[in-house]
Amino acid sequence: MNNIVLCGFMGCGKSTVGKNIARKSGRKFLDMDSYIEQKAGMTVSEIFEKYGEEKFRDMEHDACVELAELEGLVIASGGGAFTFKRNVEAFKGKDKIVFLDVPLGIIKNRLKNDTTRPLLQRPDRDRVMKDLYNNRYPIYHAAADIVIKGQNTPLKTAFAIIDAVNGTDVAEKPHKNA
Ligand SMILES: Nc1ncnc2c1ncn2[C@@H]1O[C@H](COP(=O)(O)OP(=O)(O)OP(=O)(O)O)[C@@H](O)[C@H]1O
Ligand SMILES: O=C(O)C1=C[C@@H](O)[C@@H](O)[C@H](O)C1
Ligand SMILES: [Mg+2]
């Protein structure tokens with residue numbers, strides 16, 4: 001069974017929705033950030049602090065290559081993972097890449113009290129989020145096999161993804177301004 005790999009911006013719900021997909025589809029859930037943290041023996045924030053973002057991106061790429069070898073998983077990717085071509089290539093063609101498309105306003109609200117995402121721990125957080133979101137949106141869209149709107153409850157979104165992956169619901173990529 002091929003993997004379902006969720007991509008999208010921090011806070012779009014990859015980890016939350018991914019666990020629901022796993023529960024309902026008989027796949028095992030795996031969170032890429034947690035996988036990297038277990039291998040490194042430190043948190044993502046600690047990796048950023050101690051070694052910097054570039055080293056984190058190399059560890060993230062190793063994780064993508066390793067996880068693409070496995071089968072039957074729901075993988076919640078890190079928020080930045082699918083902005084790198086080499087990581088898209090690790091999964092493309094073998095697994096189903098699903099972009100969880102959530103408007104920035106909803107994401108901001110979901111993450112308003114978050115202190116665990118190092119890229120957002122800065123005074124100009126609002127501007128950084130907006131710039132990152134606008135830069136990354138078309139990249140996630142291009143990487144994905146399936147695009148699903150993720151504003152609904154985690155369970156409803158999970159079922160929409162399962163249906164789309166099973167082909168019972170033809171999920172065409174909407175136009176990026178739709
Ligand atoms: N469909 C949803 N409806 C309401 N809240 C949600 C939904 N999905 C996720 N959340 C909430 O939004 C926050 C971020 O969700 P989550 O951690 O799943 O995002 P993520 O995409 O995995 O982020 P990251 O890329 O940083 O790992 C959590 O507090 C979660 O409870
Ligand atoms: O959006 C990003 O670039 C990131 C998202 C998180 O999942 C972590 O992978 C890390 O904080 C970087
Ligand atoms: Mg997550």
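Just so it is clear, glycine is given a Cβ too, placed from its N, Cα and C backbone atoms.
Pulled from TrEMBL:
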{"type": "BINDING", "residues": "Gly11, Cys12, Gly13, Lys14, Ser15, Thr16, Arg117", "note": "ATP binding site"}
{"type": "BINDING", "residues": "Ser15", "note": "Mg(2+) binding site"}
{"type": "BINDING", "residues": "Asp33, Arg57, Gly79, Arg136", "note": "substrate binding site"}
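Structural mapping of features recorded in TrEMBL.
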{"residue": "Gly11", "record": "ATP binding site", "Cβ within 10 Å": "24"}
{"residue": "Cys12", "record": "ATP binding site", "Cβ within 10 Å": "27"}
{"residue": "Lys14", "record": "ATP binding site", "Cβ within 10 Å": "28"}
{"residue": "Ser15", "record": "ATP binding site", "Cβ within 10 Å": "17"}
{"residue": "Thr16", "record": "ATP binding site", "Cβ within 10 Å": "19"}
{"residue": "Asp33", "record": "substrate binding site", "Cβ within 10 Å": "22"}
{"residue": "Arg57", "record": "substrate binding site", "Cβ within 10 Å": "17"}
{"residue": "Gly79", "record": "substrate binding site", "Cβ within 10 Å": "23"}
{"residue": "Arg117", "record": "ATP binding site", "Cβ within 10 Å": "18"}
{"residue": "Arg136", "record": "substrate binding site", "Cβ within 10 Å": "19"}
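Taking a Cβ distance under 6 Å to any atom of ligand 3 as the criterion, the binding-site residues Gly11, Cys12, Lys14, Thr16 reduce to Lys14.
Summary of the ATP site environment: with the site residues Gly11, Cys12, Gly13, Lys14, Ser15, Thr16, Arg117 set aside, the chain residues having Cβ atoms within 8 Å of the Cβ mean position are Gly8, Met10, Val17, Ala76, Gly79, Leu100, Arg110. Ranking the binding-site residues Asp33, Gly79, Arg136 by the distance of their Cα atoms from the Cα of Cys12 (ATP binding site) places Gly79 first. Counting every protein chain shown, the Cβ of Gly13 (ATP binding site) has 24 other Cβ atoms within 10 Å.
Across Gly11, Cys12, Gly13, Lys14, Ser15, Thr16, Arg117, which the record gives as binding ATP, the greatest C-alpha separation is 16 Å. If you compare Cα positions, Ser15 (ATP binding site) sits closest to Gly79 out of the binding-site residues Arg57, Gly79, Arg136. The binding-site residues listed here (Gly11, Lys14, Thr16) include Gly11, Lys14 as those with a Cα within 10 A of the Cα of Gly79 (substrate binding site).
In this structure, Gly79 (substrate binding site) belongs to neither helix nor strand by DSSP; it is coil.
Straight-line distance linking the Cα atoms of Arg117 (ATP binding site) and Arg57 (substrate binding site), rounded to a whole number, equals 14 Å. In the three-state DSSP scheme, Arg117 (ATP binding site) is classed as coil.
Recorded residues Asp33 (substrate binding site) and Thr16 (ATP binding site) have their alpha carbons 13 Å apart, per Cα-Cα distance. Cα distances from Arg136 (substrate binding site) to the binding-site residues Gly11, Gly13, Thr16 are smallest for Gly11. In the three-state DSSP assignment, the secondary structure recorded for Gly11 (ATP binding site) is coil.
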